[in-house]
Amino acid sequence: MIRQVLALATAAATLVAPVASTASPPPRAQTSEASHRVTLITGDVVDYTERSDGRKFAQIHAAPRDGEQPIFHTMTTAKGLHVYPSDAMSAVTSGTVERTLFNVTELVRTGQSDDRATTVPVLMTGGFSASAHTRINSLDASGVRVEKSKAQEFWRSLDMSAKSGVRVKYDRPVRISLDQTTRQIGAPEAWKAGLDGTGVTVAVVDTGIDANHPDVAGKITASENFSDEPDVVDRHGHGTHVASTIAGTGQGAAGRYKGVAPGATLVIAKVFNGAGEADTSQVLAGIEWAARSGARIVNLSLGGDVTDGSDEMSALVDRLSAETGALFVVAAGNNGPAGRSVTSPGAAASALTVGAVDRQNKLAPFSSTGPRIGDAHVKPEINAPGVGVVAARAADTSMGAPVDGRYTAASGTSMATPHVAGAAALLTQQHPDWDAQTVKNALVSSATDVGMSWYEQGAGRLDVARAITQKATATASASYGRHERGAGGVLTREVQYVNISGTALDLDLTAAFKGWDGKSTTGFALGTTKLTVPAHAKASATLTLDPEVGPAGVYGGVVTATGGGTTLRTPVSVYEAPQTFPVSVRVRDGAGKPPAPAMGQLIDDTNGGDDVNDPFDETLSYYFDVVNGEGVANVPSGRYSAVTWATENTAGVRRWSALAAPELTVTGAADVSLDAQKTVPIEVVPPGPSEQRDRTVTMRRVVPAEGEKSPLITEMAAALGSAPWEIRATPSAAAKKGAISLQDNLTLQTATVTASSGGRTLRTDGDVAVLSARWPGERDLTLGGDTALVKIKPDTPANMVKAANTAATTAAQAGKKAILSYVDAPGALALTGLSSASLPALGVGNSDGEFLAKQTSMRLTVKPGPESVFNLSFLDANGIPADHRRTVDPAKLVKRQTAYHADKPGLAVQKTWYPFPTGLWQTQIMRGTTFTPPAAWNEYIGPGDDRIVWKRHVTLSGTDAKGQRAAMTMFQENVFREGAAPAQERWFAGPMHSTAIALQSDHPARYPAANGAWRQLCSNCRTGDTFVPALQWTDGNPGHYTNPYQNSKFFTTTKVRLFRGDAEIPATQEPLAFYPTFTMAPEKAAYRLETVETHAAGAIAGAVNPVLFTLAPRTETTWTFQSYRSQNPPPPGYACHAGQPACQFQPLIRLRHDLPLGLMNSAPAGTPFTYHLHASSNAPITLVKVQWSSDDGRTWNQAASQPSGDRWQVTIDKPSGDVWLRTEARDGAGNTVVQTMQRAFRTHSGS
């Protein structure tokens, strides 16, 4: 489940980082990949891979629908990859469902991948949900955890109508964002003055409390549990640490670690579990309860996303502050040193937001700084100690750096915040009549300047001694907010001073203001430099601002008032935003009508502004929703490209149009028309009768890099799958700057389903994968007899498909052999996505349907597989031509005679081959094709293009007896050049084994432009004195590989031991390592490496396991070799461990058994079996010996082996049963290898 997370800095990292089983991090220099499976709220599933360079690719699996299968619209933005099913677009564009629920990048970032969460957490407003686990009455909201296995059921149950008032948002995560620190803020002076917080109650919303700890025992007056655990016991430690920093007595250490307000009492709202996890809704409920508990102060040492203060948590804090009078003291967050990084709910205007300093009053590197995004509101307002804070340690916890059994040190804005909450308790005791705003004013205005800017420290570091003794208070902050240039007028703010003493106070006022660029500004003016505040009275100074002075951007500073021993500081800020203009976008479909709801972007063709005075001038794309054919975006003057899409889906039209208006100039309010009637067809003509298995069309706008900026690539795509949609696009000249690009990726296959009647070949549509798997063969059918012909009433596409599938079920129950459906409307297209689960079901167009109604018989032929598959990628690198008809010519494609092997029946293969256009992509989307192995056909790839790198994924999957899914994907990267010779290829040909992968001849490493982006980690490799063992696994085809270590599966299948002589070298102890490493001697030495490879236990994803494989369940290999340091860079296509520049493959003899096995990975029994053994090393191979066993290794037989070119020919005399192989080899340098592979292959009777 998505969880809220507690505001610790270093210590909190262990709370939020995904934990790999034993993990060395992947090398920084390598373009490594991390793959995740994510179930969306609609039940659709996305297999998402993100590379270390930020680029992404994804495969979409549609959840079954009762009616027509959706297509998927995708958008790549600065916020990530969004995947929207077409049947969810109305709910998203209307605001009913938050689009973050479809942001796959964000869902993965926040722990929502399926391996980490079994539910989708949502926050529902506008109505009570019976399935809610948490209720927040103030927001009329409920927290609901939707089981991913029932996500589609939940989605169908939602009332999406506007009148329902229901809104569904992502229940996003929140993070848990004392020794001498009390002295640092001046607390002892308050204690000497008799102030200890007595009579004041502080609420702590956190991980609970160790109520038996001597520092807080007897201080808790109320508690409530909102977590998933059964009680308020603190099983994490964060909450107890925070609570004792506020009100701890220090009894456990003779008063040494006393809190700021040891006389205060506590109320505890537990929202986080022992792992520091909670849903946002749980935190909201805890905040609501705490504010209504009677506590004067509420401590929130936690944080969510960086926001502008309009999010649910910030809004609730503002609302409850007004309603209850409680002062919320909130952590700024731990996103430092990045600026503009204050998190929710610290972004709330009413909150007293706290940053962290160390003991030398330097800004803590982790502390989030301001200003608040969107309007530059002053945040944080104050800093406090947050580094190495020692406070109470909850029993049986290990958070932070334990000092002893009762205390631990921790760092974070979480630790700074309770210092301020405790100080607020002291002031509240001193001035029980003060309201929350007055307490906030007193604490902020009395803070000590420690030499930072207003957006780093607010007014300064907390100074309790000054706060309790000063004669006056001042306005905590004066933020003007966001004001657009061009509006004119002068803005004013009042800085109010309140004299709480019995004598008049004369103040001298000074002010210093600068722009974000560090330059002074004359835009601010104080109305007076001297001010007298009468005794027990108020007086104000007017601060005026001319918002047109200087360049647009952020300005701020501090107004300082001094006099009578008093110093008061008020930070001030404003965001003078550049003037924006409405750009109205009118969108029309191919019929000139408003299309279905969509989304669009106005893309900044300058790749962002260059105004150093505007930290918010980073918006590169302005988004708009297209509803009823209209969309609006407000943008500054500049150059833009407008993109969106238009979808038409009726009985007679199935059309998707990519619409663009590149390189527009905006100087004022503007109108843009994006009209599908002005598009051109994007046509692909196959070489003969064919079936579409997959298609994705992507439009990209590429803005080149400038200066230190990276290229800007924005994308929108339609992932169509097998549905035959008409595709159109706006023709465009080449962009003057960057590129406007269109890529059309298709998978076609020669026809496997043909139907004819009365001498007429019918154009049919159906689920060809299911038809080939379940219903192969030729059938002569009788229309109206054993075959049903059903006329479907015109309706929505979803309802028409639903009606056809219902008719198919009825036909199957009636014993029919097949069914054909057509829509009763002239010109209607064949229905797509019909289910053939119970009998062959085909859709035909209205013309063919009416023809069949007059016939009595037909022939249906279904082949078990295609003869050829065409994997196509047509790229318009810059500009979209008006003539866009592409004819597929097999002579211009690269041919691979391809076999898909399987050890056992009952498995499935999913093939997803991504074509990446070098320099022109940020994200690539496919739906993939599924079929049943074993299978074999010709794969054609192309057209040949040096600019396109193909990353080919082939996934083998199955389920165990309990229904648990197992899967493993093999990869290969290729550049397919026109004219390349045909070749053979075998996927999952046995035996599977680990290896240091050797790159094949068409790997992108052979092409300098692509090499750096497609590198493998050098394994069986030495980097300095660090040895990395073999990491990849491969099948019987050179260049195929899988990387179990990248999914934390290395240790699941492989055990490695390294020896120098007889002394074992222990693996380096790195608790989060993805793979083991070993430290070798600096000098040249002899080593022995021993590995044991086994199948993983049970059904897992990402590694060899018994659900998928029966062969080679255990392989034992021992190498001896000489090793020494090398300063050479790795070969092209490889990267060194930990990003180091030099590494070298070690002289470990590499073995590869090229077994000519059948599709079920078996060989004929009882006849001689000859195969090629590839043995390679840095030195020539001088000896090869192979033995075989067919009785599980009890007895061994010698195989004949002789050299044959660069390999050895091995002949086994009449093997039978399951065959084990034992191989020995030696090279000219004395390096050796001995390998025993159990059940390397099996034999079968017959030829």
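From the backbone N, Cα and C atoms, a Cβ is placed for every residue, glycine too.
Database features (TrEMBL):
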- ASP206: active site, charge relay system (ACT_SITE)
- HIS238: active site, charge relay system (ACT_SITE)
- SER414: active site, charge relay system (ACT_SITE)
- 197-460: domain 'Peptidase S8/S53' (DOMAIN)
- 1-22: signal peptide (SIGNAL)
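Each residue contributes its Cα atom, and for ASP206 (active site, charge relay system) and HIS238 (active site, charge relay system) those atoms are 7 Å apart. Packing around HIS238 (active site, charge relay system) is summarised by its Cβ count: 31 other Cβ atoms lie within 10 angstroms of its Cβ, all protein chains included. For the domain 'Peptidase S8/S53' (197-460), the model's average pLDDT works out to 97. ASP206 (active site, charge relay system) counts 32 other C-beta atoms within 10 Å of its own C-beta, drawing on all protein chains shown. Note: the Cα of SER414 (active site, charge relay system) and the Cα of HIS238 (active site, charge relay system) are spaced 9 Å from each other. DSSP assigns SER414 (active site, charge relay system) to a helix in the three-state reduction.
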